[in-house]
Amino acid sequence: MDGVAQLQKQLVDFTDSLFQEGFLDEQFNQLQQLQDESNPDFVVEVVSLFFEDSERLLNELAKALEQKTIDFRKVDAHVHQFKGSSSSIGAQRVQKVCIAFRNYCEEQNIEGCLKCLQQVKLEYSLVKNKLETLFKIEKQLIAAGGSIPT
Amino acid sequence: MSSTNTENWMKDIGVLDLTGVGGGSTSAAKKITALVVDDDSVNQTIHSKMLENLGIQNQVVRNGKEAVDLHSSGNNFDLILMDMDMPVMNGIEATRKLREMGVRSIIAGVSTCTRDEREQKEFMESGLDDFQEKPLTTPKLVSILHKLNKKC
């Protein structure tokens with residue numbers, strides 16, 4: 001029992017910290033509420049989709065910004081998509097960088113765009129890490145016989 | 001817990017017949033159908049699940065053209081969740097086309113906050129019944145569904 005209680009506390013504390021530090025927002029709660037017994041892996045599934053999409057988008061962005069003549073509309077379209085999916089899962093910090101990124105695209109500011117690309121890569125890897133840790137704790141909790149506190 | 005919410009919501013908009021067999025069983029409710037039109041797989045998954053959790057049968061397509069084609073081949077839905085930015089045919093064009101085809105379903109535009117007010121206005125004017133900013137949440141979805149009841 002002690003092990004389970006400890007893991008539960010760990011999970012709650014860790015999740016709280018993610019919200020407090022702005023990594024996640026209310027939208028992530030919405031996702032968790034959609035999960036139920038008939039679909040116990042829903043959040044993991046959606047987040048995995050997000051990871052796949054994001055990695056593809058980041059590659060496309062890097063490629064687009066390496067071109068001799070940059071097609072800012074293309075870059076903007078990718079960032080727009082990234083902004084959309086990150087906001088859908090509640091990845092707040094990623095979303096915020098995307099907003100700034102789009103402004104630089106509109107201004108056709110190459111330096112600004114490159115800076116944002118670095119920033120968004122960083123924020124993405126941070127939130128990816130955090131979410132993977134979150135899922136790991138959840139798995140440990142369930143393996144120990146506990147259930148995820150709602 | 002989620003089934004109680006479904007029943008409450010359905011009672012609320014009057015599609016759940018409580019005098020039906022099983023007292024509150026959702027099988028007594030009129031089956032509402034929906035179409036999710038969005039090119040992003042994350043959004044597709046989330047919107048579809050939200051609808052499913054509310055007891056709404058739904059289908060997903062990736063762009064406006066697929067939505068139009070579905071209707072051309074005789075399909076019809078009570079509700080259409082239409083994204084704006086999509087390849088091949090975007091939400092504005094698709095909504096216009098569907099209205100031209102005589103589609104009278106509730107079409108709700110769902111889009112990320114556009115800095116372009118003109119584009120949002122154009123979207124509304126293409127024939128939307130409602131507009132919700134992404135990300136979609138269950139409460140936003142329920143508010144769209146209230147419109148469905150009014151139209152019925």
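In case you wondered, yes, glycine gets a Cβ from its N, Cα and C as well.
Residues annotated as domain 'Response regulatory' in TrEMBL: B:33-149. Residues or ranges marked as 4-aspartylphosphate by TrEMBL: B:Asp83.
In the three-state DSSP assignment, the secondary structure recorded for the residue listed as '4-aspartylphosphate' is strand.
Using a 10 Å radius centred on the Cβ of B:Asp83 (4-aspartylphosphate) and all shown protein chains, the other Cβ atoms total 26.
DSSP labels the residues of the domain 'Response regulatory' (B:33-149) in these numbers: 53 helix, 25 strand, 39 coil. This prediction places the mean pLDDT of the domain 'Response regulatory' (B:33-149) at 93.
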